[in-house]
Every structure is written in C-alpha cells, then in structure tokens.
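These notes are about the structure you will find just below.
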C-alpha cells in the first residue's frame with residue numbers, strides 16, 4: 001500500500017501544500033487517540049460554554065479545536081485560520097500562502113455515546129486584496145479549494161481527501177502512524193435507494209419538500225425499496241454515500257435560525273461537496289451547485305442535497321423545478 005506522501009507527490013501536489021496537509025493530519029492522529037480513550041482520558045461531557053452557533057461545546061470539541069488551531073497558527077505557510085468554534089478568523093503569518101478552515105469535530109452530539117464523529121478541513125490560497133486576518137479571506141467560492149478532506153474516527157480512522165483530482169481514501173496505520181492508500185478512487189453510484197435525512201423535521205419543511213418525501217415514500221416506484229440511514233453526523237453519512245451511494249439531505253425549514261438550512265457552507269458543505277463531485281456525485285443547494293455559491297459570512301448556513309446524481313436531480317426537479325445541470 002502506498003503512503004499518503006507518495007500519492008500526493010505522484011499527483012503533482014506542491015511541496016508546501018503537502019507539508020500543510022501533513023501538519024493537519026498530525027493533529028488528526030492525536031484527536032484519534034483521544035477519541036479512542038474516551039472517558040479514560042476525561043474528554044467526554046460538555047463544557048459550560050456555547051460557540052457562535054449557539055451550541056453547547058463538548059469537551060472534546062474544545063480540545064480538538066485548540067489542537068488544530070495551535071498547530072496551524074504555528075505553521076508559516078498559513079495566513080489565516082477559521083473554525084466552527086471561533087467567532088471570527090484568526091490571523092497567523094501575514095505572508096502565509098494558504099488559509100485553512102475546519103470543523104474540529106463534526107457530529108459532536110455522538111461523542112458521549114461512542115458514535116461516529118470526524119474532522120472536516122478545507123484549504124484555499126490566501127487573498128492579497130483583503131487584510132490577512134479578516135473574515136473576508138474566506139469569501140471565496142468552494143470551487144477555489146485546493147484541498148478538502150475529512151478524518152472519520154471509528155473502528156479504524158479513515159482519511160478521505162481530494163487535492164483537485166480523484167477522491168481517495170486512506171486508513172491510519174496505528175502501528176506506524178501513517179495514512180496508507182486503501183481506495184484509489186471513490187465512486188458514487190448514479191442511482192441509489194438510501195437516504196440520509198432527519199425525518200423528524202418533516203413537519204417543519206415547506207410543502208414542496210414534504211411532497212418530495214411523500215412521493216419518495218409512497219408513490220415513486222423508482223424508489224420503492226428506499227431506506228433511511230441517519231447518523232446525526234454529516235461526515236459519517238457522507239462517507240457511507242461515497243462508499244456505496246445514496247443521498248444526504250438537510251433542507252431549510254421554518255424554525256427560527258433554520259430558514260437558510262443548518263449546514264455551514266465554508267467548513268462543512270464546501271469540502272464535502274468537492275469530495276462528492278470528484279467522486280462522480282452531485283452537490284446542490286436550492287437547485288444550485290454548492291461550489292458556485294458566493295459566501296457572505298464566515299458561518300453562513302445553506303440547505304444541502306448531495307450524493308447520487310439521480311435522486312439529487314429528482315429532488316431538485318420536484319422542489320425547485322430545476323435539474324441543476326452543470
């Protein structure tokens with residue numbers, strides 16, 4: 001099996017980007033160890049604080065955020081850092097080439113029940129037309145990402161990443177401490193009958209979205225064998241879709257704060273959209289390509305539909321009267 005470093009060099013990835021990726025992944029190994037220790041390491045439970053999203057922070061959320069932030073701020077190639085757990089961007093080296101955004105632990109509600117959780121990250125080239133430490137550094141289209149990936153912590157720790165080419169999967173070799181290539185090209189099947197959606201939110205959705213799920217569950221013969229899988233961790237649901245197909249949906253709803261969806265564009269929707277597209281799937285928001293959405297703020301939320309092409313287009317045609325071709 002090939003080591004990550006070898007694969008990246010064969011893909012023609014520049015040395016400075018390879019080194020930055022390795023920096024991020026060094027921290028992922030520490031997070032993986034702490035996750036595996038659980039209560040033995042005293043990392044379970046919540047703090048008394050809330051993040052900017054209004055969510056109570058888990059202890060492991062805070063630890064993972066601090067580990068990633070500290071190592072990135074100490075990296076001379078990094079100009080600015082953004083995190084789900086930070087109100088604003090944090091400046092690093094004013095001359096740094098890259099900016100990095102991350103969700104330190106996606107699915108943090110699963111921490112205390114030993115469920116699926118993961119770290120999502122994305123890397124862009126820094127902008128020279130705005131202050132180095134400003135939120136505006138991240139006002140870039142998702143299509144501009146030079147690297148996107150996640151580490152899924154579970155029975156084995158998996159890295160799924162793309163540097164613009166294929167979406168590949170690596171497994172952490174805990175014996176030697178390196179990530180080894182275990183799937184050279186993840187490919188999302190065009191058709192699938194599996195769906196990742198929180199059906200408890202049905203009563204909050206608008207009528208077109210409800211109609212879609214009514215058709216899906218009761219009248220559409222194309223999906224008469226459909227089944228729902230829901231991990232309460234986007235990173236876990238998307239990983240399953242990358243491996244065997246399906247559709248992840250988190251529509252907007254009529255609850256206060258969810259009018260524009262719940263998934264954060266910068267460090268959740270964009271990196272996962274890039275991974276899904278580069279695996280042959282589709283990723284849209286209100287019928288438009290996610291990677292073409294112009295961001296307006298650091299923690300902007302968007303409704304998300306991503307995964308297998310056929311059910312994604314069926315959703316868009318039903319709800320938005322659009323095939324969202326691209």
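First residue shown is number 1, and so on along the chain.
Every residue gets a Cβ built from N, Cα and C, even glycine.
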Per Swiss-Prot, member of 183, 198, 316, 321 binding substrate alongside 106, 107, 108, 109, 262: 198
Annotated companion of 103, 106 at the Mg(2+) 2 site, Swiss-Prot, chosen from 207, 259, 268: 268
Per Swiss-Prot, member of 84, 85, 86, 95 binding Mg(2+) 1 alongside 103, 105: 84
Least surrounded among the binding-site residues, given as 103, 105, 106, 262, when other CB atoms within 10 Å are counted: 262
Cβ-centroid neighbourhood (8 Å) of the Mg(2+) 2 site, 103, 106, 268 excluded: 84, 102, 107, 118, 120, 150, 234, 235, 264, 267
Among 108, 109, 198, the most crowded of the binding-site residues [Cβ within 10 Å]: 108
Non-site residues, in chain order, whose CB comes within 8 A of the mean position of the CB atoms of 106, 107, 108, 109, 198, 262 at substrate: 110, 232, 233, 234
Whole-number Å value for how far residue 262 (substrate binding site) lies from residue 105 (Mg(2+) 1 binding site) (Cα to Cα): 16
